[in-house]
Amino acid sequence: MPSHHHKKNKDPHRRKDSHRHHAAPKQQLDPTDEGTPAVTEGLGSDDNSSMSVEREDTSSISGNGSEVGSVGSRDQGDGASAVEPNLDGAEVKWVGPVRAPLLSIKTELNIPLLLLTVVAMATRMWRLEYPNSVVFDEMHFGRFASMYIRRTFFFDVHPPLGKLIIAFGAYLGDFSGNFTWERIGTDYPSAVPVWYLRLFPALFGSLLVPLTYQTTVELGYNHWTATLAGGMVLFENSLVTQSRFLLIDSFLLFFILATLLCLLKFWRRKQSPFSPWWWAWLAGTGAMLACACSVKYVGVFTVLLVGGMIFHELWNLVGDKRLSVHDLTSHFLARAGLLAVLPVLLYLLLFHLHLELANRSGPHDEMMTSAFQATLEGGLSRITKSQPVSIAYGSQITLRHTHGMFLGRPCWLHSHLSTYPVRYHDNRGSSAQQQVTCYSFKDINNWWIVKDPGRTTLYVDDPPKLIHHGDIIQLVHGTSSRALNSHNVAAPLSPYSQEVTCYIDYNISLPAQNLWRVELVDSADEGDTWKSIQSHVRLVHVNTSAALKVSGLQLPDWGFHQLEVVSDRVIQQEPTIWNVEEHKYTQVDQADVVGNNEETFNQATYEDTMDDQPLMGFLGRFAELQWKMLSTNKELQQEHKYSSSPAEWPLMERGVAYWLHPRTNAQIHFMGNPVVWWSGVVGILGYLALLGVFLVRRRRACFDMDDESWQRYILTGELVLGGWVLHYVPFFLMERTLFLHHYLPALVFKILLLAVMVENIHTHVLRWPIHRNVFSALCAVWVTCIYFTYRKFAPLTYGNSDLSADEVTDLKWLESWDLLIQVL
Amino acid sequence: MPSHHHKKNKDPHRRKHSHRHHLTSKQQQGPTDEGTEAEAEGPGSDDNSSMSVEREDASSISGNGSEVGSVGSRDQGDGASAVEPNLDGANVKWAGPVRAPLLSIKTELNIPLLLLTVVAMATRMWRLENPNSVVFDEMHFGRFASMYIRRTFFFDVHPPLGKLIIAFGAYLGDFSGNFTWERIGTDYPSAVPVWYLRLFPALFGSLLVPLTYQTTVELGYNHWTATLAGGMVLFENSLVTQSRFLLIDSFLLFFILATLLCLLKFWRLKHSPFSPSWWAWLAGTGAMLACACSVKYVGVFTVLLVGGMIFHELWNLVGDKRLSVHDLTSHFLARAGLLAVLPVLLYFLLFHLHLELANRSGPHDEMMTSAFQATLEGGLSRITKSQPVSIAYGSQITLRHTHGMFLGRPCWLHSHLSTYPVRYHDNRGSSAQQQVTCYSFKDINNWWIVKDPGRTTLYVDDPPKLIHHGDIIQLVHGTSSRALNSHNVAAPLSPYSQEVTCYIDYNISLPAQNLWRVELVDSADEGDTWKSIQSHVRLVHVNTSAALKVSGLQLPDWGFHQLEVVSDRVIQQEPTIWNVEEHKYTQVDQADVVGNNEETFNQATYEDTMDDQPLMGFLGKFAELQWKMLSTNKELQQEHKYSSSPAEWPLMERGVAYWLHPRTNAQIHFMGNPLVWWSGVVGILGYLTLLGVFLVRRRRACFDMDDESWQRYILTGELVLGGWVLHYVPFFLMERTLFLHHYLPALVFKILLLAVMVENIHTHVLRWPIHKNVFSALCAVWVTCIYFTYRKFAPLTYGNSDLSADEVTDLKWLESWDLLIQVL
């Protein structure tokens, strides 16, 4: 067999329209005519043979191995070379031919596409600055944009790309970042460049329309269908609403669809593998995928979709015996490199950008570990950078609980002069010694002095006697001078763990057990001495081999609602890890007055300060931030008045109130175009029903459509219906609060499927011209309804008109829609 | 094409051995030689050609359509006609042939199969009466058996078949049912026929071994493999333990495997469709399926497995162009009838039997509605059968909350002389009127009198003035003479609902609002008058259009922890449905002294009593019971010391302590044979790895095994690995408390897969005799180890030997196994 895939394909890659032009140059003299041929292909015409070339190679991927390569000899369009030199315009005429200019460029303008784009821009950007107040989640994303502008570190559960783009808009608009995004409805002062802030969401949201158009074309459907798909996206109220404000969903939708488009363009090149364009579109797919995932983690579902499709494609390649194992390896490595390695690198790059831009101390610092905080300018690093590094006997320290946030805050080991109640509610007894807790605020009572059990002095020697992994220490509480103690008494809230106290000698048979062994986590890696901030440490009680731990439970009144500290025999667990945050050396001459108040704490001489220590590197910071982002879901589980369950989404049973005019009923309510949403469900059911019928009939060897159409039908199912399923079904398994706008990626797939189903029914189900004409007419009516529905709900989309209570009620097509009516 | 499926296949259906006998009758003089023939086929011999006929049709189901029918002309065995007349024993010999006797029966005894069965019986039934005390869940199933014997109604979440079989054993043993199965470890008195009670579980558990053997053979594997599979089931400690006690899992396992065997036998007859045997095995599959589902609902996973396989088979039939649409319809209807309709009928039949047998009032009566209870002998029906049917003005009634169990009990509308506290904890105020609650016990305070708002008298007229759908009534509390009232005051625990009170006139501006409209649920069906027990009724407050409802919340101290009653504007919900349970007519002469004590309640004359009313039919009772069974999961969510998560099952990280000797360390601990469990995981991974390798190699047109073997390999995957997945993965989604023994169905599939993987590796992976021999030797060692591991853990399985603490520790191969050691 010819090694077809190795030879460079020299055929010029032509678009369908330019291909037609090339074949029949005599009829086309005026280049401006070329822009419209797509329009002449009506929904009613059977003559769309010019489409078949494109259809074929997009869809042959879905066939089994025996079909692969059977279409290798045909001419291929690539959809990219609309600009080509006119070299063959020769005609025999009386005055001789008009010569070609020395250098010229012929461009082709797709008028419907252009129109769609322009109208999309108009719908998305019309009165973009209205309403001039904070709308819904603008509160969050606006605040993050301000943070970027002020270069302040912040924590968010979404990856950075969407916020970076918004921040770029803010930068273009010379935003100073001086606005507190406190609550929805606050008016923007004139200093906030609202138009610039909302520009990029609107821009990406507008580009979604041509992207939909082009994706439909690349799927192998005709330009009427593409216009229909684009039009439905264009007049979809939910997409308009979501694009007009400071939200990141329009970026996500754009990148998801761009991934799809790049993938289809890449497949169009399958007959010339490893050509520059092949590489370019493959890289484009990977890059768009990375962008989608870097806007919201919903992009992961797109990764699954692309991964599944690429696996399927590779499986077909494996079945192609003309490909050697070496070829297969190349194919595999190319895809792995550009669809896996490249996106990961891009993702890391964006996080790097994020951490570089937001590198100053800010309000979310305390979410992060001390080591992370030390890398931020200002804040903790200002305190710690001049402190001694190595903990020595006589060090004054605060001990921070390293992992886990309780009550949304970190906490520090703490004691105070109150004792445990003699008897708890459940009648268990306590030791009645001084309480030890974990306290979420910085406080003088968080200070402890590291004491050598063999000596009675508390000051630091010169040179300091450093503490190593495995050393035994006592921890003396700074203000009360009592030592940290534990014993076999049940802890107040965690009866299976031991109580931790500051020891008071009541002269009863309860001796002090106040020796603790320092165990450094990863002591082999980190070196042997206990360092402030960097070292993660466990304090293991010597008598009982139990480790100091925060149970995460909140003490009742008697413990001032601070967090319970216990010691637990299970040592190897995250809640037992601590680190020193602030650190001073106790001076010799003041050590004996320790125990009175803060002013007595002073520092011995020392040489190595934190300034000389290496900061946490990018990868460490990335890993910590990523882990925190993935594990933080507390705040996302709150109830919300407008939250909805995924089951309610396809039929749009609930919208989300975004904004309400302070005085009138003018309001912005996030909801879709009901006709589109409900038709979309019909489209999905229609696809499945037709698929079932066709499958059974093909099984019985009744072939209703040619092989190309069938493969296109299957590809559509895998990519578009598969996309809908992957971007919808996983939400059923999520436990966080969900809103209708989480359905938007699935909605775009649903619209695509609906549009192509119209063409499929027209072409493959209806057999008589009369039926087709009636169907076309019905479709025209339906499209008109879509437009008018969009217009009807436009007041809720743009929030620009004062509605009377009756008008609002009139828009409430479903009882379950919570439109707002002011009580005036 | 010949309509092959229509002509009656006249070939005698022969078993493999008889088939060979037929061809080579000259070499075989003694019929007893035939029984041992299977033994001679070792895994070491390549010459198992006699198997290929069977393999082929068992496995061709898994191929795609183009293969179907290609093997149609071969001779088919049916596995059922081992008994056949010897008509063709002609031999040319000196003395002439020995003539066949006039009538004779040749039987064939499969010695390994027989041995396996006998040993299985021995392991399962050895010292069956020991320990002579209640072991683990015997407590539940024994109690249910007693109930059947005493013909008492009870409620259980499992369907009835397993308990019916156990009850049959109890019946055989003349058990009187007089034993209270109070707690695990109670000694059985001599009146309890322990042997009979445990007989059937042990019997079905023993039969699992030959069933495994036969299923392996029917899958197309050789008799060594079948013996291996049977042996592993035989020496699997968990299966032994679970079979030896009064538990229903061994029934479940038996029926699941029997379903599989019938299905394989059915497929073996695919070339003679609609023959009597074909019908028989199809019906058998359906019957066994119904039995599996009627033992435990886990059987539903078997339904999914069989359903999937049958769908696959039908799909192949659809692709067979020789079959007309009429044939396909017949095939489809036959399967639908025998695999869907028949099982449903059987399931109904078993429930009918259950309700017929357990038809007397018992301790679980109150779980059911009043109408259901009225069908049980004794109990409520004794009270209600002579009471008047139709509610009239002047009726004395108790109102039971129809749907939903709170605190595991029903409740009745109740009031008492306490009032609502003036101010609640959250500072909301109340009306301070008399409390109305729902009380879970029968009480004099549950009685109410239906009063005509237009009259002041409380007695029943003669003839009684009946109450119809839509009538307005007042409800006067019997002992306090105050009327049921509601008003726009927030209820104590459900602030969005209205408070319900018995009205006290404090002479403040809070007028009585005590009119209620009677709304019968399904009033069109049930007739127009309000009947006791039968009618489901909503009481809608006339002033506020809110329905009387139980919120399900428990009142605090001041409400005596009774349930809160509110009225709710959402009328159409289940918690608003009530029914009259007890009912009397108030007599004229005593009506004016109402309000003092119970004795004042007497009955007016009436004619129609409940005795004349039709009882709830079987379907109604079935529907109610079924719904309750499926929705009751409260008690199943309790924590249990020995519960485990599905993730721990494949590697058997936790067992379940079943029984401990009162004084020694002799104990029964439910756990498997570790070697089998752990090897099983290797078997699954091995199957998947080989499948991946083979798939890729076949895709590259490298065919390592012949088509028959490949199809058998795929069938094994679908049926056995599919069975494992379907009986294991769904447990991850269940929220109830799970135990290791829930893994047993999956374990049987795992063992089957392991055994056949041994043959697959031997035949298809190893290519050199030396490798095969080494492998066989290793297998022999491994099998020996399995046996000795079984012996090692036998003390925990049978609980017959006093173990020292050291011996117990010695058995603790994993740290996580919670074996018990008595502190003596």
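Note: Cβ is positioned from N, Cα and C throughout, glycine not excepted.
Annotated region 'Disordered' per TrEMBL: A:1-85, in sequence order. Here TrEMBL flags A:1-24 as compositional bias 'Basic residues'. Marked as compositional bias 'Low complexity' by TrEMBL: A:59-73. Annotation source TrEMBL lists transmembrane segment at A:195-213, A:245-266, A:278-311, A:332-353, A:675-695, A:739-758, A:770-790. Here TrEMBL flags A:388-453, A:464-521, A:527-583 as domain 'MIR'.
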Residues of the parent chain within Cβ reach of the transmembrane segment (A:675-695), under 8 Å, 6 or more residues beyond its termini: 232, 235-236, 650-652, 704-705, 710, 713, 716-717, 721, 724, 747, 750-751, 753-754, 757, 760-761, 764-765, 782, 785-786, 789
Remote residues contacting the transmembrane segment (A:770-790) - C-beta distance under 8 A, at least 6 residues beyond either end: 42-44, 228, 231-232, 235-237, 673-676, 679, 758, 761-762
Close approaches to the transmembrane segment (A:739-758) from elsewhere in its chain (Cβ under 8 angstroms; 6 or more beyond its ends): 208, 212, 215-216, 219, 221, 225-226, 228-229, 232-233, 236, 238-239, 242, 249, 252-253, 256-257, 298, 301-302, 640, 642-644, 646, 648-650, 652, 654-656, 670-672, 676-677, 679-684, 686-687, 690, 716, 720-721, 723-724, 727-728, 731, 779
Helix, strand and coil totals (DSSP H, G, I; E, B; other) for the domain 'MIR' (A:464-521): 0 helix, 26 strand, 32 coil
Distal contacts, the transmembrane segment (A:245-266) - CB-CB under 8 A, six or more residues away: 58, 78-80, 135-138, 141-142, 145, 158, 161-163, 165-166, 197-198, 200-202, 204-205, 207-208, 211-212, 214-215, 218-219, 239, 278, 281-282, 284-285, 288-289, 291-292, 295-296, 298-299, 302, 306, 309, 658, 719, 723, 727, 741, 744-745, 748
Average pLDDT across the domain 'MIR' (A:527-583), rounded to a whole number: 87
Sequence-remote partners of the transmembrane segment (A:278-311) [C-beta within less than 8 Å, at least six residues beyond its ends]: 61, 158-162, 248-249, 251-252, 255-256, 258-259, 262-263, 265-266, 268-269, 272, 334-335, 338-340, 342-344, 346-347, 350, 718-719, 722-723, 726-727, 730, 742, 745
Helix, strand and coil counts within the domain 'MIR' (A:527-583) (DSSP): 6 helix, 27 strand, 24 coil
Counts by DSSP class (helix H/G/I, strand E/B, coil) across the domain 'MIR' (A:388-453): 3 helix, 33 strand, 30 coil
